[in-house]
Structure formats: structure tokens, C-alpha cells
Amino acid sequence: MIEGVRAVWRGLVVFERFGWVFIVANLFAVLLSLPLLSAPLAFAGLAHMAHNAHAAPTAHPDDFWRGVRRYFWHGLLLGALNLAFWAVLYVNFAAYAQQTGALFWLLRGIWFIAALSWLLMLLYVFPLLEEMERRHLGMALYNAALMVVKNPFFSAAVLLCALLIVVGSALTVVPLLLFTLGLLASIGCAAVQDRLARFRGP
């Protein structure tokens with residue numbers, strides 16, 4: 001879990017270094033996310049910009065729009081998958097809301113874990129696409145799922161920090177508009193780069 005916290009810290013450091021760039025791009029991303037279908041597309045633009053910020057000495061808000069263009073169809077497809085996932089999860093919870101048997105509590109636990117895992121996959125998928133020679137959404141989702149499963153404690157630390165940021169931002173609203181999505185993109189890039197560096201070795 002300490003490695004996960006360190007990855008989050010690296011994401012924070014890069015975000016702070018390019019603060020105004022992330023703030024401008026975050027405002028664009030919030031506007032682009034207003035139709036929920038395009039929210040993953042907005043995050044794709046932020047992830048592309050964050051990847052450049054982590055890998056290069058400079059970053060610019062134009063990188064956000066380059067990422068949006070690069071991942072346009074990936075983002076919309078993932079947006080549709082995302083809406084379908086949450087719709088199915090909601091229907092399952094609603095259909096069995098009045099059930100109290102042990103089996104139904106087990107199912108609720110499985111659905112809850114699936115929801116948390118999906119959130120992590122959304123955080124990882126576009127940073128992973130940035131690292132892939134062949135940008136295939138299905139393979140990126142598969143790799144994101146593997147990253148969650150093979151690094152449970154690392155991912156738990158990243159998710160906990162991300163949720164704290166989101167909850168804190170939602171309570172005050174302004175951070176949500178100014179930097180939350182950009183900060184999450186930077187953290188996602190840092191987490192992916194950390195695990196890839198560990199996988200590739202020295």
C-alpha cells in the first residue's frame with residue numbers, strides 16, 4: 001500500500017508542477033463531461049495531457065484536445081460501456097434491495113467489489129493506452145483489470161486516495177471544477193508508470 005501512496009504523491013507533484021495547465025484543461029473536461037456519455041472521452045484528453053506532463057519537460061492545454069481527438073471513438077465507446085455497467089449494477093441492486101438472505105448479501109458484496117474495480121479500471125485504462133504501441137480499447141481494459149487483480153493493495157491505496165479527493169472536492173464544489181479530474185488523471189498516469197516500471201524491471 002505504501003507504493004500506492006508513493007504513486008499518488010508522484011501524481012500530486014507533477015500536477016503541482018503544471019498546475020495552471022491542469023486547471024485550464026480541467027475546466028474544458030468538466031464542460032465536455034456534461035453529457036455523461038462523453039465523460040470518459042474528457043478523461044482521455046486529461047490522461048494524454050498528464051502523460052505528456054509526466055514524460056516531457058513541458059505540457060500545454062492543447063495536449064488535452066489532442067488526446068480528445070486521438071481517443072475520440074475509444075472515449076465514446078467506453079462512455080457507452082460505462083453507462084451500461086452502472087445501469088446493470090443499479091438494476092441488480094434495486095431488484096434485490098428487499099432480499100436479506102446470505103446469498104443476496106454475498107451478491108451485494110460481489111457487486112460492490114465490481115464497482116470499485118471498475119472505477120480503478122477507468123482510472124488506469126487511458127494511461128495504459130498511452131503506453132501501448134497498438135491502441136486497442138479491449139486490450140487496455142484487460143490490462144487494467146490485470147493491474148487491479150495483480151496489485152490489490154497498491155490499487156486499494158490508489159483508490160482510497162482518489163475517493164478522498166473526489167469526496168473532498170464534491171463537498172466544496174470549486175475543486176471539482178478546477179482540478180479534481182486533472183489530478184486524478186495525473187495520479188492514474190503515475191500509478192500505471194509505477195507498475196510498468198516494476199514489471200519491466202531495471
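Every residue gets a Cβ built from N, Cα and C, even glycine.
The shown structure was predicted, so the numbers you read here are calculated from the model rather than taken from an experiment.
Features of the protein shown, as given by TrEMBL:
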- 20-50: transmembrane segment (TRANSMEM)
- 71-93: transmembrane segment (TRANSMEM)
- 105-129: transmembrane segment (TRANSMEM)
- 141-167: transmembrane segment (TRANSMEM)
- 173-192: transmembrane segment (TRANSMEM)
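Here the transmembrane segment (20-50) touches the transmembrane segment (105-129). Their Cβ atoms form 3 or more pairs under 8 Å, with each pair 6 or more residues apart. Each of 71-93, 105-129, 173-192 was scored by its Cβ pairs under 8 Å to the transmembrane segment (141-167), and the highest score goes to 105-129.
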